[in-house]
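What TrEMBL annotates here:
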type     : residues : note
COMPBIAS : 14-24    : compositional bias 'Low complexity'
REGION   : 1-24     : region 'Disordered'
TRANSMEM : 36-55    : transmembrane segment
TRANSMEM : 75-97    : transmembrane segment
TRANSMEM : 109-131  : transmembrane segment
TRANSMEM : 151-173  : transmembrane segment
TRANSMEM : 194-211  : transmembrane segment
TRANSMEM : 231-252  : transmembrane segment
TRANSMEM : 264-290  : transmembrane segment
TRANSMEM : 310-327  : transmembrane segment
Amino acid sequence: MADRPLERKGRRLSAAPGSPVAPAAPASFSASRHRWGRWLGALFGIAVLALLAWAGRKIEWPEVIAALRGMPVDVLVGAAALCVLSHLIYSGYDLIGKRWTGHRVPTRRVMLITFISYAFNLNLGSLVGAVAMRLRLYAREGLAQPVPTQILALSMASNWLGYGVLAGGLFLLGELSPPADWQVGAAALRGLGALMWVLVGGYLALCAFATRREATLRGHEFFLPSFRLALMQLVISSANWLTMGAVLWVLLRQGATYPETLAVLLVAAVAGVVTHVPAGLGVLEAVFVGLLGPTLGPGKVLAALIAYRALYYLAPLMVATGAYFVLEAKARR
C-alpha cells in the first residue's frame, strides 16, 4: 500500500487523511451526540471557570513577582532550548503530510509554514493558526485542494494520537491525583485512560489491517495512512508532548515529578480545547494552580506559567509574525 492517497478526478477529497474510516451515522444519532457534546462542553467550561475563580483568590502577586525575579538564568535558558526543540518536533507533523501526499514543497519551507501556523495557533486559536494560516501559506506554494486540507487533517490527528497514548498511560498509572473536592475520582481517570488506549489501539489496528483504505461520507473521501506512517504520527506527537512537559517541569524547578507535571499539562490542554478560550488563557493557569498550587505554592506555579507563556507562546509568535510578513512580501514580488 502506497503512503500517499490516490487522486480522484471530479471527486471532492477534502476529508481527513489519518482519520479512522467510519460508517455514516443516522441523523438523529448525530444530532443527539452534538447536543450531548455541547452540554458536556458547557459543564466542563463552568467547572474550569469556577476553578479559575477559586485559584484567583489564592494568588499573592508580590509572591509571583518575587518568584519570577528569582528564577535562575540557567533554568530560563534550558527551558528556552526545550521550547525550540518542541517547535522543531512539531514541524514533523507536516513533514509526515509531505511524505504521504507526495507534494514537492521543499522541506525547509514546510517546516517554516508549520512553525508560523503553530505559533499563531497557540496564541490566536486553531481557526486562525492551524486552519487559515496553514491553508493560505500552502496555497502560496501552489498546492491546490485537497492537499492542504489533507495535510492539516493528518497533523491534527497526529497531535491527538500522541496525546491519547501519554494521557492514557499517565491516568492508568495514577500519576494525576485529583483534589478531594473533584467530582472525577481516581477510578474514573483510570477508566478514561483505558478508553484512550483502546481508541489509539483501534486506530493503529485499522491502519495495519484494514483492507479497505477509504470510504465516502457525504461527498467526502476518508483515507487511512499506512501503519508505518501511523507509527510516525505516534512517535513524533508523543515526543512533542513530552518536550512541552519538560519545559514546564524545568520552569517549576522540579518541584513536582515530571510525570505529574506532564499529566497536569495534558489535562490543561484538553480543558483549553473544550472551553474554546484562545491560547487557553486563564484555563492553563487555573488547572495548574488548582492541581499543583496546594503543594508548590500558587505564586511559584503561576510564575513558572508566565515564563512558559513568554518562552513557548509569545517569543515564537514574534518570530513567526516577522517570517509571515517576509513570505507575504516575497509572494507579491
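Heads up, the Cβ atoms here are built off N, Cα and C, so glycines get one too.
Keep in mind that TrEMBL annotations are predicted by a computer and have not been checked by a curator.
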Are there residues at least 6 beyond the ends of the transmembrane segment (151-173) whose Cβ is under 8 Å from a Cβ of it, and what are they?
15-19, 93-94, 96-98, 100-101, 103, 114, 130-131, 134-135, 138, 189-190, 192-197, 199-200, 203, 225, 230, 233-242, 259, 262-263, 266-267, 269-270
Under an 8 Å Cβ to Cβ limit, what residues of the same chain, 6 or more beyond the ends of the transmembrane segment (109-131), are close to it?
87-88, 90-91, 93-95, 98, 137-138, 141, 152, 155-156, 276, 278-279, 312-314, 316-317, 319-321, 323-324, 327
Cβ contacts under 8 Å made by the transmembrane segment (194-211) with residues that lie 6+ beyond its boundaries:
20-21, 161, 164-165, 167-169, 171-172, 224-227, 229-231, 234
What residues elsewhere in the chain lie close to the transmembrane segment (310-327), defined as a C-beta under 8 angstroms and at least 6 residues from its ends?
76, 79-80, 83, 86-87, 112, 115-116, 118-120, 122-123, 133, 137, 140, 244, 247, 279
